[in-house]
Amino acid sequence: MPVGTLGTVKGLFPDQLRAVGTQKLLANTYHLALRPGAEVVEELGGLHRFMDWDGPILTDSGGFQVFSLAGLRDIDDERVVFKSHIDGSILELTPARAIEIQQQLGADCIMCLDECPPADAPIEQIAEAVRRTTLWAQLCRDTQARDDQALFGIVQGGIDQSQREKSADKLVPLDFPGYAIGGLSVGESPTEMYRTLDHTTPHLPSEKPRYLMGVGRPEDLVESVLRGIDLFDCVMPTRNGRNATAFTSTGRVKMRNRKHMRDDAPLDPACECPACTRYCRGYLRHMFIAGEMLGPILLSLHNIAFYHRTMSDLRVAILEGRADSFRSECLAAWESE
Ligand code: GUN
Ligand code: ZN
């Protein structure tokens, strides 16, 4: 899922996303509740109509902002109170309120309110976050009454095996239609993240979607799919694209580099996106050096196309029973730059 936090995947039209293979988008409860407000979105026809995307949308609950806005919030068992990063106003999220906002937004998949602690948090804080996240999952489940929105539970537990198992084992009896794994990619190493997935996905039902939140690099997606993950969101393709870094079949390319100035080759000959079929590297570099907005637009679109193609190729490799060799080929090819 490309990330459309504020109801837009920055710089891209929905039909452009559709054309490069996007199936589902992510948006965010905290950000949309602050601006323009969930009531406003509801009044203007709901998030699908508002942003003109008729495919599936998943809204995150605000639980990640417990981590990312650590200096601007207070948390207890009742609620998280945020001080708006925009104007300092107060936004209170209770488990029930997080669900109500997501109902007003009208997403297809909605998330329980959770507590995402940083990777270096002491084990007591990790255990406390698991306890609170479990409590809130039950309250969210009790609030959610609509059958046209799938509510996912979120597993926490840091990189601690027994906390992860405990978190998963308490959520599974609540019988959510899908499960997310949160609290990763928050400062731990890739090895620690993979080990945690090894301990966690086996505790979640394999016939339901398993969603790894906020991850990650292309190699992280491949490694995680092979550990049972079905669904991802990450700002990486779009944020890196805006910052002139492209993901290609031969590794990362820094588009501002002088070596691209006279290069008439496509960014990635294996890619069928507009950036690669209509323009050469020299033009893409020129867009960034000149500060033209088409640069970030084209590279965001290219990176999203690259992520989708990687996942699509991986699906084929899995069906053909060659997932392990596919992984080795990817890691070897992406290492080069
Ligand atoms: N996005 C990335 N990590 C997390 C998490 O732990 N919780 C939530 N709600 N969203 C996330
Ligand atoms: Zn491309």
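Cβ from N, Cα, C; glycine included.
Per TrEMBL, active site, proton acceptor is recorded for ASP60. The Cβ of ASP60 (active site, proton acceptor) has 30 other Cβ atoms within 10 Å, all protein chains considered.
Here the Cβ of ASP233 (active site, nucleophile) has 24 other Cβ atoms within 10 Å, regardless of which shown protein chain they belong to. The DSSP secondary structure for ASP233 (active site, nucleophile) is coil. Residues annotated as active site, nucleophile in TrEMBL: ASP233.
In three-state terms derived from DSSP, GLY63 (substrate binding site) belongs to a helical segment. The local packing around GLY63 (substrate binding site), expressed as other Cβ atoms within 10 Å of its Cβ over all shown chains, amounts to 27. Marked as substrate binding site by TrEMBL: ASP60, SER61, GLY62, GLY63, PHE64, ASP114, GLN156, GLY183.
Summarising the annotation, TrEMBL assigns Zn(2+) binding site to CYS271, CYS273, CYS276, HIS302. Sequence-distant neighbours of CYS273 (Zn(2+) binding site): residues of the same chain at least 6 apart with a C-beta under 8 Å from its C-beta are VAL20, LEU301, HIS302, ALA305, PHE306.
Taken from TrEMBL, the feature domain 'tRNA-guanine(15) transglycosylase-like' applies to 1-335.
Residues or ranges marked as region 'RNA binding' in TrEMBL: 214-220 (among others). DSSP states for the region 'RNA binding' (214-220), grouped as helix (H, G, I), strand (E, B) and coil, give 3 helix, 0 strand, 4 coil.
With helix defined as DSSP H, G or I and strand as E or B, the region 'RNA binding' (238-242) counts 5 helix, 0 strand, 0 coil. The annotation region 'RNA binding' is assigned in TrEMBL to 238-242 (among others).
The separation of GLY183 (substrate binding site) from ASP233 (active site, nucleophile), Cα to Cα, is 13 Å. Spatially, by CA atoms, the recorded positions ASP60, SER61, GLY62, ASP114, GLN156 include one closest to CYS271 (Zn(2+) binding site), and that is ASP60. The distance from the Cα of SER61 (substrate binding site) to the Cα of CYS276 (Zn(2+) binding site) comes to 36 Å. Taking only the Cα positions, the spacing between GLY183 (substrate binding site) and ASP60 (active site, proton acceptor) is 13 angstrom.
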